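Presented below is the structure to which this report refers.
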Amino acid sequence: MVRFRPTSRTIACVVCALLVSSLVISGFVVPIVANQNADLVSSDDDLEIDDSLRDLEDSETVELVVRFEEATVPEDASDDEVEYRLEEHAAKTQAPLLDYATETAWISVEEEFWVTNAVLLEVETDRVDLEAFERFDAIEAIHENFELSVPPEPDERDDVADEDDDPSATWGVEAVNAPTVWEEHDARGDGVRVAVLDTGVDADHPDIELHTDDPTDPTYPGGWAEFNESGDRVVGSTPYDSGAHGTHVSATVAGGNQSGTAIGVAPEAELLHGLVLDEEGGTFAQIIAGMEWALEEEADVISMSFGATGRHHQLTDPVRNAEESGVAVVAAIGNEGEDTSGSPANVYNSISVGAVGPDGTVASFSGGERLERTEWETGPETYVAPDVVAPGVAIDSAVPGGGYEPFPGTSMATPHVAGTIALLLEIEPDTTPSDVSRILTETAWKPADAPDEKDTRYGYGIVDADAAATQLVDERVEPEEVASTQASDDHSTDDVEAESWLESMSTSPIGEVIVLTVAAVLLGLFVVVARNIDT
């Protein structure tokens, strides 16, 4: 029997043959560029298209929101890492569609987003078949640029008779026990950034101090932004209120006491305001643009006193991504009464807020219902909104022009909660949104005749800033333990970029070729060593 004994020359030939074969299989000889986006084209999954878009008239130009698969981010990722990965994933997955739109006359790109992976397009319906977007694998859904609005003002406008003719604080500020936190915990929101997204703000009101990075610049950089219906930022815009709603809620978050009565829960918080709607409403693109701006300006809290009635799962991802980026999202449940709710408040990851009056009774207009988890959400199969309630009847606060008026609504309750969170974050800046939510709900209280469990009227109960602050202090981790945890968890942006580059290279055709080439070189070295040993 003849035994075959490979020589070093034979081994070298085999290695070369394997290398050439691997290059051909990987597409090295033909189009690398064509293969780079192969995983983004040709999907077997059904594309979700809103019914409202299926009956469009021919020769109609419409705005469409194209939604892409969301990024998967490690649970232990730092806030900066989350934002970086969201932006990077959006850029990568959106690229094929953006290239296609650039080459197609009847499709134009209006705006690109990353807090949710989406692109706003303007298309000519007689030239574009929406089903054709299925060719892009990363695209999951197409929906209209729908509108959200300030909740309708309740019919009742109850007046609150103060026993004190000259109160030191409004009844709402007193009811959440903010003054006790100011005194006993020496916390007024200092250093905490709260971004109110609403109708605008009167920055000249004596009780409002809007944050700015440059006091000499009338556009209030870093503290003010206005967005149009397509989500484009309005260049050169200076602060104003398109109605009165935005000024009122902003002052409840961080207003002063120039009138002699304190109207803000966290008077020393850094107030940011993004104009994302007027009193008629605003679009999905405006809201998302405002949320992105808030994250870019390093807001700690986003307060949204508006919504769209019913379930709108399109808001799930932006709320969840903002929370995972370290930002607490607070939203008004709506003013249409029991067994109703609005989005984004009914998104599981938001902190949803209902309204109570001075006697602790839930206002008749305050929304609330039991909800079932949608396929786009995480969390329990069923859950209840609101999470908490706060003062929302006859709330005195600032209005444009330097005055004050009492307004009712869950819109007025929401900034009480946003301000309370600012107080907590001054006490312990590293508190996560999930811990903020937990502490707020664990320390909320209910009247004796209310259900003990979470219910659709009170949620977990009425927010108590002092009780929450006390529990937060009791739970505070030792500083050295916090530092140790942060040191192990935090990754610099450079580390993230390096990891991301390695990941993208290892999964791309070019990366495969490089890996195979390195392997071949190593095998070649092995052959040389073996040959030297033979000789």
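A Cβ is built for glycine as well, from the same backbone N, Cα and C atoms used for every other residue.
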**Message:** region 'Disordered' per TrEMBL: which of the ranges 357-380, 477-500 is that?
**Reply:** 477-500
**Complete:** If you count the other CB atoms within 10 A of the CB of ASP198 (active site, charge relay system), including all protein chains displayed, you should get 30
**Item:** For HIS245 (active site, charge relay system): intrachain residues, at least 6 apart, with Cβ closer than 8 Å
**Value:** VAL150, ASP198, THR199, GLU279, SER305, PHE407, SER411
**Fill in**
HIS245 (active site, charge relay system), DSSP three-state class -> helix
